[in-house]
Amino acid sequence: MAAPALSWRLPLLILLLPLATPWASATVNGTSQFTCFYNSRANISCVWSQDGALQDTSCQVHAWPDRRRWNQTCELLPVSQASWACNLILGAPDSQKLTTVDIVTLRVLCREGVRWRVMAIQDFKPFENLRLMAPISLQVVHVETHRCNISWEISQASHYFERHLEFEARTLSPGHTWEEAPLLTLKQKQEWICLETLTPDTQYEFQVRVKPLQGEFTTWSPWSQPLAFRTKPASLGKDTIPWLGHLLVGLSGAFGFIILVYLLINCRNTGPWLKKVLKCHTPDPSKFFSQLSSEHGGDVQKWLSSPFPSSSFSPGGLAPEISPLEVLERDKVTQLLLQQDKVPEPASLSSNHSLTSCFTNQGYFFFHLPDALEIEACQVYFTYDPYAEEDADEGVAGAPTGSSPQPLQPLSGEDDTYCTFPSRDGLLLFSPSLLGGPSPPSTAPGGSGAGEERMPPSLQERVPRDWDPQPLGPPTPGVPDLVDFQPPPELVLREAGEEVPDAGPREGVSFPWSRPPGQGEFRALNARLPLNTDAYLSLQELQGQDPTHLV
């Protein structure tokens, strides 16, 4: 019968055994309290409280970090009947032994016979349980009858939050306790304070504590050691309000200055004397600027004004004479210059009886404003007869009849007929770059003379108004080379075997301006001169080169 009774009791004991073990552990933990704080450098302070007194038992705190290879142990010392405390020294006081990611396992071990029993255990996060050391080096910087300035320092504070601190201070006055003293809070890192509204010749005590703003379970540091100081006694007969005396002195000085100025100005005897004293230090500008007194009578405004009247700055004069120009669109000019070979070459143009020259008038307009309309350089073309009619005394009567050109009759000054565009070959002769990207052409009137003659219809028919672009082709056979000029008539006559007399000193140069304008003749440009393609000539330069033609 005993065996069956034991068989059903054994499972019941096994079921109750795991329930009894946690109950016993909870009882032990429920009767003790284990609290630790980190001073942010190399110290962990712990306090352990136990309800039941431990008789003749030694206990210690063991620290084991999860990321470090070291471990530390400190002996718990009794603080009261049921409390023990110790400090875990991790290294040098100012060394940074732990960081925000470290977790330290703290255990309270008590000896029971030959074995150590775990009384409490905690996973300690250092930067969530901060308590700094109490401030040190308190000193009185300045003390007066009603005020006192005190400073202090912080020791063993981590660089992780050295600027994120707050302070509390309290002052103990006579007849009160520390608990009754009002708290003065400083919400920033300020290691000084100015105490005001103090009583003269009175003894005070001062304390301060610090707390970092980081950490969930962070608490205030212990209070610093009290600093005793005494205010200065009040002087006998001295006004208790010092600023009132300064105010009275300032007002008295201001009124005295106003009265003195009034008397100096209104007094008849001191008036001229004062003016004489003030005037002797003022220099006379007429001594340095004679024109101010001689011409303007001392009037500074007239002296500084412009010597020219305002009407001289207005454009009231006659506008300068500018050669008539014709500005065409770029696309239209390109078509005019590139498609001239559609019209067959007239015989008169291929006979080298006339030459065509061109110049640009952009150099005449020497100014260019930033906001002005941008217009490309206009090409101005004029045509003249290359060979003038030789005089009878020059001895060229034996020249071939077919090679003598007809003289070009000068145009009247009142006629504004524009010159026609030169042929495509003529453009290549003077400015080969015109075919690639010509500028808008313009025309210029011819010189004045007795007769008046317009260009032949064959030249005018070569400049149609609306042409389509056409690619350039090789030159037409029979047309003379476009690069060389037609030789002068003296060279032609010498090649023909006829005698040609030498030209005089004034006739040896074959420039169009080599003869006076009254002769009614024109000279062709010397073929030996270098070509001036796309040259920028002003109006004065053109008139100086060819006085008989006003462009």
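Cβ from N, Cα, C; glycine included.
From Asn29, Asn352, the position flagged in Swiss-Prot as N-linked glycosylation site is Asn29. Each of Cys59, Cys86 is a candidate, yet Swiss-Prot gives the disulfide link of Cys74 to Cys86. Within the listed segments 170-178, 278-286, 512-520, Swiss-Prot records motif 'Box 1 motif' for the stretch 278-286. Proximity of Cys74 (disulfide bond) to non-local residues of its own chain (separation of 6 or more, Cβ distance below 8 Å) is seen for Cys46, Gln60, Val61, Cys86, Asn87, Leu88, Ile89, given in sequence order. For Cys36 (disulfide bond), the same-chain residues 6+ apart in sequence whose C-beta sits under 8 angstroms from its C-beta are Ile44, Ser45, Cys46, Val47, Val61, Leu106, Gln122, Phe124, Asn129. Across the topological domain 'Extracellular' (27-240), mean pLDDT in this model comes to 89.
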